[in-house]
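Accompanying notes for the structure given below.
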Amino acid sequence: MATVILFVAWMACLMVGVCYQEFQTQQNFPDISNPSQELNQEPAHRIVQLDSIQNNGALNMSTGNVLNMSPPPPSPCLSRAKIRHAFKYVTTILSCVIFLVGIVGNSTLLRIIYKNKCMRNGPNVLIASLALGDLFYILIAIPIISISFWLSTGHSEYIYQLVHLYRARVYSLSLCALSIDRYRAVASWNRIRSIGIPVRKAIELTLIWAVAIIVAVPEAIAFNLVELDFRGQTILVCMLPMEQTSDFMRFYQEVKVWWLFGFYFCLPLACTGVFYTLMSCEMLSIKNGMRIALNDHMKQRREVAKTVFCLVVIFALCWLPLHVSSIFVRLSATVKRACILKNKRSCIMAEIQTGVNYQLLMVMNYTGINMASLNSCIGPVALYFVSRKFKNCFQSCLCCWCHRPTLTITPMDEKGSGGKWKANGHDLDLDRSSSRLSNKYSSS
């Protein structure tokens, strides 16, 4: 419930900035009769505006082959698209909140899994991989996003592009691995889960990060700092150059948007849908006697499955706006090119990247960037409210930073096989080694 409230509050703040942006845009874009009047040359933020620039360039190249009777392309924008100060302030404040919550939440989550032996298992290792990728993104990309609103450089945009796409790959592959792991756990219900990191899971985690690096090679090679001339000003932009030398890079340039949407967004959702459907069928096929005997055991696995499903839903909600905006820009450029080639002067979509509509595309793009950044800090918050075990660990870990925990020994039997650790009002069961150690000191 609290996760939903946080998500709604985040969207409300973004919508306030968007509404103010549109209001200011309508006031600052009157009917201009003299295009040569002096324009405001405020620097514009240029992160993830690559497809717009690239498609405009491709459009100008394609119109050169049209017959003389074809209509000329639409006139260029009278001013550079820019983000108003209200939207800058809102996004900067929200980026600072993401930075603080993400640093505390993800570092605490990694500490919990590292310190507690009972938390070192297969699914938690994959969750730790998600937290490590989010922490890596927060430390590098979030400061670049905040600073680039006020001072943008091409080199920082290049770093942001690589970190952003690499983190998206790690996240999507880890979610796929989590869905497969949950199905295997339910399908092999008679397998007792051991404490510790299995060798197979360590190899799987290494492959996830290695595959993410390999898939990142096209972007690392293709993305380059390109100098663009706009009304006498030289702009340094990180983008895919319009002229590629190899056939593979030209093909990648055409399918890039659909590749990112299919691999980074649809693949985790498809894996979750398929394996969770199989998992539901497997749980329904268990006999009643087996279900009663393994009631507690299956409850734990259902709780982990619910946690993974919650992470996938949050991933879908946070990344959908960014992919929708990228696809919209791509489709609008395609329709615009088709309208010009078919000699339709009054095509509505032909004006979609000029004037006020281009401002709307920028707002959509920045909303998608902020929502994708929100995904890097909301994972630990979701785990706190969904998983009872993670909630107890978060409370004990965060409280022990403020107060020294007190250890009270309560022997459960004469063998000393039980014990409790009371820290700040929370009772947590000790493992066997801690119980034997505490029983030794209590007997002495």
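Placement of Cβ uses the backbone N, Cα and C atoms for every residue, glycine included.
Summarising the annotation, Swiss-Prot assigns topological domain 'Extracellular' to 19-88, 146-161, 227-254, 329-365. Taken from Swiss-Prot, the feature N-linked glycosylation site applies to Asn60, supported by sequence analysis. Residues or ranges marked as transmembrane segment in Swiss-Prot (evidence: sequence analysis): 89-113, 125-145, 162-180, 202-226, 255-279, 308-328, 366-386. The feature topological domain 'Cytoplasmic' is assigned by Swiss-Prot to 114-124, 181-201, 280-307, 387-444. Taken from Swiss-Prot, the feature compositional bias 'Basic and acidic residues' covers 424-434. Sequence annotations record features per position, and here Swiss-Prot assigns compositional bias 'Low complexity' to 435-444.
Taking Cβ pairs closer than 8 Å, the transmembrane segment (162-180) reaches residues 48, 123, 126-127, 129-130, 133-134, 136-137, 140-141, 204, 208-209, 211-213, 215-216, 219-220, 223, 260, 263-265, 267-268, 271-272, 274-276, 308, 311-312, 315, 319, 372, 375-376 in its own chain, all 6 or more past its ends. Taken residue by residue, the topological domain 'Extracellular' (227-254) breaks down under DSSP into 8 helix, 11 strand, 9 coil.
Counting residue by residue with DSSP, the topological domain 'Cytoplasmic' (114-124) contains 8 helix, 0 strand, 3 coil.
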